[in-house]
């Protein structure tokens, strides 16, 4: 006798994987489970990103580029970021693994906020965004992958997790309001935040080179996401993350410049895939 659909929906199929047994939910709605394999035929182990979303970081990017603040808004943005760095230096000092964890929980917010607001604007005005919605969401996703990587390297303490909740709650609402009032100011703030991120990761590398921080093997998630060769280490991970931050610096300063010239973002094609 055939089972009722309701019972099938509650059933679970058991499948064996290299890591052991996993319970796969059987869907009444017929939604298939995605089974993806790598080029060598082995199972793709990550559900949070796919092979076509991986890439090799461009390490040749100029890390020293800086936007000199000239306008009043630029100076406010610059000194706002400098002020935010001060309590971070005091709290984390030279614990760069945990500092990176905190940095990435904040850095992933602006792209999501900007992408969301541009999405709503596109719906209201019945117009395309020039690719900027996707570009900003790509940035947010890239920053989130940084966080997933550093979570494997440093296990945050309970009070650091609590600090993340507080900082993210304040920063999200502040950035949301700032983007509504002045997108050119909001993007400039992110540009300067990324410049500070480059500085932090440069200091991180110095500590690794001095032996203060152990150069442990790179997490498996980093090997696949950045297509790093086998045997890569934490130093290699910090190098590619720093390159990503430099690209985000460029994109946000570019977005701010577009607004300063009196143009909407949609008039300048977005740099999609520009990590």
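Positions of Cβ are set from backbone N, Cα and C atoms, glycine also.
As written in TrEMBL, here are the features:
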type	residues	note
BINDING	104, 143, 146, 245	Fe cation 1 binding site
BINDING	143, 194, 245, 248	Fe cation 2 binding site
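Ranking the binding-site residues 143, 245 by C-beta neighbours within 10 Å puts 245 at the top. Non-local neighbourhood of residue 146 (Fe cation 1 binding site): 100, 104, 107, 108, 241, 244, each in the same chain, at least six residues away, with C-beta under 8 Å from its C-beta. Apart from 104, 143, 146, 245, the Fe cation 1 site neighbourhood in this chain, defined by C-beta within 8 angstroms of the site C-beta centre, holds 100, 103, 107, 108, 142, 144, 145, 147, 197, 241, 244, 248.
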